[in-house]
Amino acid sequence: MATLLLLPGDGIGPEVCAQVRRVAAALTPDLKVDEALYGGASYDTHGTPLTDEVREQALASDAVLMGAVGGPKWADAPRHLRPEAGLLNLRKAMDVFANLRPAYCFEALAGASSLKPELVSGLDIMFVRELVGGVYFGQPRGIEDLADGQKKGFDTQVYTTSEIERVGRVAFELARGRTNKVHSAEKSNVMESGLLWKQVITELHAREYPDVQLEHILADNCAMQLVRAPKQFDVIVTDNLFGDILSDAAAMLTGSLGMLPSAALGAPGKPGLYEPIHGSAPDIAGKGLANPLAAILSFEMALRWSLKQTEAADALLAAVKAALDNGARTRDLGGSLTTTQMGDAVLAAL
């Protein structure tokens, strides 16, 4: 029996994960769904955002789905014990190096985008973000006192050939099943790591994926083009920092952060890590206002990529589209449905 580990986390996480549990029970009754504390909720109970037991439970599962993590309540906790540290440590432990962050616009929501509907209608971009390297993990890092009384903050951006190659392969393989086009975004004009990134992707393309169209683009120009003409893109592969920024920018083209899922994948046969890209939204937590669709669509990605239940994934994606076509809207989409009522709409469509 396949196992899904739910880590609801903080803020609105438990509310949106409750809807995932309802959908899983209806769509995949044979799926074993476990649940554990994580993030700030774990810190409050166990003094750490990620216990050894939960880490081992995650590694033994077929897929892990998180709700949300963090909030101002834990802002004064030591950095290594903040909820977000639990997320980084779990990613590292699972070695999920490729972050898939789709930015697609459902036809029913084209009018909710910050851009004109004709620019985003039919939008379907897949970001492939390197997830366990780069400036978020590079050493040395820190804040030092200087002799003149000032302080110096520093981080280190580091990438190796193998780290770039493995995420590049994910992007090229995905492109073969889509429109056969990859953009690689970096800053090779000013960063040595960006120069290496461009070289490695170029060599990998020539050696293993000459059938895929490859274009290199500077990350700042990529940000501009996402606003100017986003439908020129299909698969965008980039590093940890730029992937974080660019995929968030693209998310708003779709109408709401509450709509977008993500997947973090490692080696074949290893569990994937799935989560909505929205935050914990502590200002609306417990009020029934959160949009659960990003979490539900994260479950759809888990069905597709880790649990290998493609038909169930297709049915769930169609149900979400049908619910939106029928006018189901939470507050972030200009409607009035509660979190549970949006879950009801998806279940009715199923």
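Just so it is clear, glycine is given a Cβ too, placed from its N, Cα and C backbone atoms.
Source: prediction; values computed, not measured.
The feature NAD(+) binding site is assigned by Swiss-Prot to 71-84, 279-291, with sequence analysis given as support. Feature annotation from Swiss-Prot assigns substrate binding site to R91, R101, R129, D220; the stated evidence is sequence analysis. Summarising the annotation, Swiss-Prot assigns Mg(2+) binding site to D220, D244, D248. The site 'Important for catalysis' annotation in Swiss-Prot covers Y136, K187 and rests on sequence analysis.
Shown on the structure are the features that Swiss-Prot records.
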| residue | record | DSSP (3 states) |
| --- | --- | --- |
| G71 | NAD(+) binding site | coil |
| R79 | NAD(+) binding site | helix |
| R91 | substrate binding site | helix |
| Y136 | site 'Important for catalysis' | helix |
| K187 | site 'Important for catalysis' | coil |
| D220 | substrate binding site | helix |
| D244 | Mg(2+) binding site | helix |
| A285 | NAD(+) binding site | coil |
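Taking every pair among R91, R101, R129, D220, the residues listed as contacting substrate, the largest Cα to Cα separation comes to 27 Å. Listed in chain order, the residues near the Mg(2+) site other than D220, D244, D248 are A219, A223, L241, F242, G243, I245, L246, S247, A249, each with its Cβ within 8 Å of the site Cβ centroid. Looking only at Cα atoms, Y136 (site 'Important for catalysis') sits nearest to D244 among the binding-site residues G71, P83, R129, D244, A285. Each of the binding-site residues A75, L289 was scored by the number of other CB atoms within 10 Å of its CB, and the largest score is that of L289. The Cβ of R91 (substrate binding site) lies under 8 Å from the Cβ of L131, V132, A264, L273, each on the same chain and at least six residues away in sequence.
Annotation for R129 (substrate binding site): spatial neighbours A98, N99, R101, V167, V237, T238, D239, N240, F242, G243, D244, S247, criterion Cβ-Cβ under 8 Å with sequence separation of six or more.
In space, D248 is the closest of the recorded positions K187, D220, D248 to R79 (NAD(+) binding site), judged by Cα positions. K187 (site 'Important for catalysis') sits 18 Å from D248 (Mg(2+) binding site), taking the CA atoms of both as reference points. Rounded to a whole number, the distance between the Cα atoms of D248 (Mg(2+) binding site) and A281 (NAD(+) binding site) is 16 Å.
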